[in-house]
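To start, I am sharing the structure in question, which I have written as structure tokens.
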């Protein structure tokens, strides 16, 4: 658990440092393994084509086909991101509730930034279409130049948004795959390059500029460590309370079982005391009846023997 806060802190530092970099690569830096990444790549490829501002692009911009296609690609990307985030939430291991909420909030913020910049791009293309219509066939080269500049800026923003979202989803995925303490080593391995990159960027900063950042990072890490330890202690206390409660329930159940057994034995003894006199009385009556029957049979035998002798 203590190593998890360090990984999260390194990811946060990397994201903060990335905001100060003026240059952004033109290619996405991951392989398209997840459906949301594949959907984003389709959006990215289409945007690259739009940025050429070729005659075909100009024609499709005028009839709204470009904005319609971008809308579909945006919705597909956001839908896949939501589905992937939900899948990770269902797989999330026994992470502390505060950690779970913080990870979800960070992913939600990155997702919102990407969606907002996509929406901004679509609105800018719609604005360009309206401006061209207003020009009524006049020279639109200046409009096209401004749009090209804006598209380059938007492309960089979208690239940063996409990479930030991917990094935060990677942290979320690591937590879902490994759980809390059981996943620390695996999270470190998966995010090792990211942590190293953050360290290198921090080291490259000037000593004067880096020291305040290190101080803030140290203070933040101390707060995170203290909070994580507090949450861990609370979880252990809660587990101990549950164990004591279960032991109390078990004792009560054993006591109730013993009482039921004693009551059953008492009831059995009562039944025996009720029915034994009846059985004994029935035995006596049956014995008397048998004795009477035997006596009667003997008497009849004597009488039947004496009658033939008298006739002779």
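Residue positions begin at 1 at the first shown residue.
Cβ atoms are placed via backbone N, Cα and C, with glycine included.
For reference, Swiss-Prot lists these features for the protein:
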BINDING   154, 155, 156, 157, 221, 222, 223, 224, 225, 226, 227, 228  heparin binding site
REGION    72-247  region '8 X 22 AA approximate tandem repeats'
REGION    150-160  region 'LDL and other lipoprotein receptors binding'
REGION    270-282  region 'Specificity for association with VLDL'
REPEAT    94-115  repeat '2'
REPEAT    226-247  repeat '8'
SIGNAL    1-18  signal peptide
Rank the binding-site residues 223, 225 by how many other Cβ atoms lie within 10 Å of each Cβ and give me the one with the fewest.
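Minimum Cβ neighbour count within 10 Å, taken over the binding-site residues 223, 225, occurs at 223.
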Does anything in the same chain, at least 6 positions from residue 227 (heparin binding site), have a Cβ under 8 Å from its Cβ, and if so what?
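Listed in sequence order: 98.
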Have a look around residue 154 (heparin binding site) and count the other CB atoms within 10 A of its CB, chains all included.
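Looking across every protein chain shown, the total is 18.
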Where DSSP helix means H, G or I and strand means E or B, what are the helix, strand and coil counts for the repeat '2' (94-115)?
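Grouping H, G, I as helix and E, B as strand yields 19 helix, 0 strand, 3 coil.
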Excluding the flanking five residues on each side, which residues at least 6 beyond the ends of the region 'Specificity for association with VLDL' (270-282) place their CB within less than 8 Å of a CB in that stretch?
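Result: none.
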Which of the three DSSP-derived classes (helix, strand, coil) applies to residue 154 (heparin binding site)?
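Once the DSSP labels are grouped into three classes, residue 154 (heparin binding site) ends up as helix.
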Can you tell me the three-state DSSP label for residue 221 (heparin binding site)?
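Where residue 221 (heparin binding site) sits, the three-state DSSP reduction gives helix.
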Consider each pair of residues in 154, 155, 156, 157, 221, 222, 223, 224, 225, 226, 227, 228, all listed by the record as binding heparin, and report the largest Cα separation in Å as a whole number.
40
Counting across all protein chains shown, how many other Cβ atoms sit within 10 Å of the Cβ of residue 221 (heparin binding site)?
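Summing over all protein chains shown, residue 221 (heparin binding site) has 15 other Cβ atoms within 10 Å.
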Just give the helix, strand and coil counts over the repeat '8' (226-247), going by DSSP.
22 helix, 0 strand, 0 coil
By a simple count, how many Cβ atoms lie within 10 Å of the Cβ of residue 156 (heparin binding site), its own Cβ left out?
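16, counting other Cβ atoms within 10 Å of residue 156 (heparin binding site).
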For the region 'Specificity for association with VLDL' (270-282), what are the DSSP-based totals of helix, strand and coil residues?
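Residue counts in helix, strand and coil order: 13 helix, 0 strand, 0 coil.
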